[in-house]
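Here the structure comes first, spelled out in structure tokens, and everything after it is commentary.
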Amino acid sequence: MRLPSIIALGLLAFTAPTDAQTSCGPRVRRNWDALSDTDKNTYNSALALAMDSGAYIKFVKIHQEHMSSMEAHKQCMFIYWHRYFLVAFENMLRAQGDEYACVTLPYYNWMDAYSRQLDGKCSSYGDCAAITSELGGFSGSTKTVKINSDTVQGTCVNEWPLNHFCQSSTPGTDCSGCLPRGDWGSTSMNALTGFASVQGQIFDEKNITGVSHSIEVESHAAVHNDLSATMVTMASPADPIFWSHHSMVDALHTIFHKCRVGTQRMTFEEKAANPVAWESCKRRDEGVFNPTDVVAVRTGTNANPVNATQDSVVDQFFQDVPNRFADLMDVRDLGEFSYSYELSGHLASMYTNCDGSSPATSAPVATTNAPSPTTNSPQPTTTALASTTATPKAPTNTPGSSTDSPAPTTTSPPTTPTTTSPPATEIPSVPVLPQTTTPSTDGLNNQQLQDAQRFFQ
């Protein structure tokens, strides 16, 4: 029997780690399907506590706020803006208690789910991926919930952790205790999420503007629209599956960066001058994005917005996270907030093999082995190529700057406080095997593309 190989992307360097982060080791985001039951329960518990605290809904407000949304969608900073947003949200979950200090955002591998549908093993979003049922499911009664400025109707799910959902951060608010979701059990997976389509979304584009647009209006938008209800509104972060969906989107960019930009570590000035990783595209309102522009994240209403770094509920979660757009192009260069992805199957194949072309730049590499993740079935692991050069300084503007990172570490302890991982099995270089299922574009047509793009109209 052939065991699937897993690849862990990037050996991470840390800057002045806290005690909790030292014990956790580098942040590694993993496929929801690779998590143990304990990992999943820990993550859901962190979500429930965050909803109870009032911090969760603040992140929803950021995504809904007009100026924040203008930077987050329909232009070339789509991926970088959301990267900053996701790191801060991950920080917030880690702050819910000592037992959550090592939590990382699991990604929703809808590309694997679509492959299962092609194989005839399932027929809908609801039964092609466990995450759709294990993050609360999709059963309940029809209800309309007003989430800040968005009125959402759907099947209001009150299974844990969604029974903790509160649509307001105002103390004393009568919380809905449920979240509207679509008919996930009968909605077929979208061909725009399939390997053949996603590979083109990544590798048919030559720079950050192209890849951001392609992913945003195709696979990203398809999932938002197909899941419908809350997920098709700007209140979409209210649904926990949003964070795992965007972690998947973020992982796709790390593949693009490795394959099109390369593994060479860059200074801020080099990043700003790189024609593949940076482009000063037009803003939606006026002017262009500059590498030194600080990411706009504001809470509150459009009439009275507050910078998230000055919001007493969430400011600490953005503290010291590099916040200039060009700071955010390489997940290895975020100081103590740096992270990597553990990939398998088609994702690992794309990361390792790209599209058969050479990356724009290259760097010396050091190959090491990371411990195997905690899963129900231990699997052999390999690590991706990592640069041996030092991490450049990635300062932030209000709050203060990060410090220089030390050289990459050689081990990657488990990212969640669960059972001890089994030792890693050493595998020869470049052992990653793609899935045996032949990808297909069956069902991909202009109508599906138009449907996917509805999210941005």
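Every residue number used here counts from 1 along the chain in the order it is shown.
Glycine residues also receive a Cβ, built from the backbone N, Cα and C atoms like all the rest.
What you are looking at is a predicted structure, and each value in this text was computed from that prediction instead of being measured.
According to TrEMBL, the compositional bias 'Low complexity' annotation covers 357-424. As annotated by TrEMBL, compositional bias 'Polar residues' applies to 434-457. Positions annotated as domain 'Tyrosinase copper-binding' by TrEMBL: 73-90, 239-250. Annotation comment: TrEMBL describes 356-457 as region 'Disordered'. Residues or ranges marked as signal peptide by TrEMBL: 1-20.
For the domain 'Tyrosinase copper-binding' (239-250), the residues of the chain that approach it from at least six positions outside its boundaries are 29, 32, 44, 47, 79, 82-83, 85-86, 89, 105-111, 131-132, 135-136, 161-162, 179, 181, 215, 219-220, 223-224, 227, 230-231, 331, judged by C-beta separation under 8 angstroms. Mean model confidence for the domain 'Tyrosinase copper-binding' (73-90) is a pLDDT of 94. Residues of the domain 'Tyrosinase copper-binding' (239-250) grouped by DSSP class, helix first, strand second and coil last, total 10 helix, 0 strand, 2 coil.
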